[in-house]
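Here is what Swiss-Prot records for this protein:
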BINDING   Asn33, Val35, Gly60, Glu81, Asp111, Asn130  S-adenosyl-L-methionine binding site
Amino acid sequence: MEEPSGAQLLGPVEIRALAEKLDVTPTKKLGQNFVHDPNTVRRIVTAADLTPEDHVVEVGPGLGSLTLALVEKAASVTAVEIDPRLAAELPATFAWRAPGLADKLTVVQKDALKVQQSDFTTQPTALVANLPYNVSVPVLLHMLAEFPSITKVLVMVQLEVADRLAAVPGSKIYGVPSVKASFYGEVSKAGTIGKHVFWPAPQIESGLVKIIRTHTPWPQDDATRAKVWPVIDAAFLQRRKTLRAALSGHFGSASAAEEALRAADIDPQLRGERLDVADYVRLAGVIGS
C-alpha cells in the first residue's frame, strides 16, 4: 500500500529481496544492521522534528529504509554510504519505491569519517541516521565538527552509547563522548529501540540520541577543539585520579595543573567526571572564569 506522501517504505520482505539482489550480507566490520520495520522508521523521523526546509544528511543509509521516510519530510537528503553496492542501488530503490521524490536524493559514496563540506552541493541542517555502531561516536563528532550548518541531530546508536552520550556530570557513565557531544549544545536521549526491528537482529538494544546545536559562549571551531579536546581526553584517561594528578602530564607538572585549575575556579581535588563542558572550555583557556 502506498504511503500518503508518496514513498513506499521497506518491510522485511523488500529488505531481504534487495540484500539478495545485491548479494549483500550485513557485516560487523561496517557495523551494518538494516532496519526492516516501517513503524520504527516513522518513529525516528518523527523524533527528528524535521521541517520542509531541512536539508538532511544521513550516514549509512544501507538499503534505504530510513532514507525513503526522510525525503517525505525534508527539502533534500544527502546519503553518505561507504559500500559501493549499496550506494549504487539507492537511486534505483527510489525509482521503485518513491519515483516522485527521487530528485530530492543525492548519494555520496564515501567513508563518513572523511566526508567534507566540498562533497555536498547543499550544506545539511540536520543529521538523521542509524549510525554504523562500530564508529558511531567518531562519525557523530566528525559530522558536527565538519558541518556547522547542522543544527539538529537524531541518531540511533547502541543503547550503552546512547546512555553515555546523554549522561550528565557526576554519573558513572559520564565520560569523553558525553563532554564532547555537549560542546555543541543540548544532548538528550529520545527513546529505546528493540532488537527485533533490525536484520540481522543485533545482540543489544539501541537508543535514540537527540542533539540541538546551541549558540555557546565559545567558538565551535577547529582552533577551540584543538585546545579543549586534549584536556578532556587527559582528564578521563585515568578517571579515578584527581584532576591535579590526571592533568599533570598535559600541563607539565602537578603544580602547573593545580595552578591552571585554580585559575579556572575548579577544585584540583575533583575528578574529571564532575566537570561540565563549560568547565573544560574554561580550563583550556578559551573563555575566562
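Including glycine, each Cβ sits where the backbone N, Cα and C put it.
The structure, with features from Swiss-Prot marked on it.
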{"residue": "Val35", "record": "S-adenosyl-L-methionine binding site", "contacts (Cβ under 8 Å, 6+ apart)": "Val41, Gly62, Ser65, Leu66, Asn130, Val197, Phe198"}
{"residue": "Glu81", "record": "S-adenosyl-L-methionine binding site", "contacts (Cβ under 8 Å, 6+ apart)": "Gly60, Pro61, Gly62, Ala87, Leu90, Val107, Val108, Gln109, Lys110"}
{"residue": "Asp111", "record": "S-adenosyl-L-methionine binding site", "contacts (Cβ under 8 Å, 6+ apart)": "Ile82"}
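Sparsest Cβ environment among the binding-site residues Asn33, Asn130 (other Cβ atoms counted within 10 Å): Asn33.
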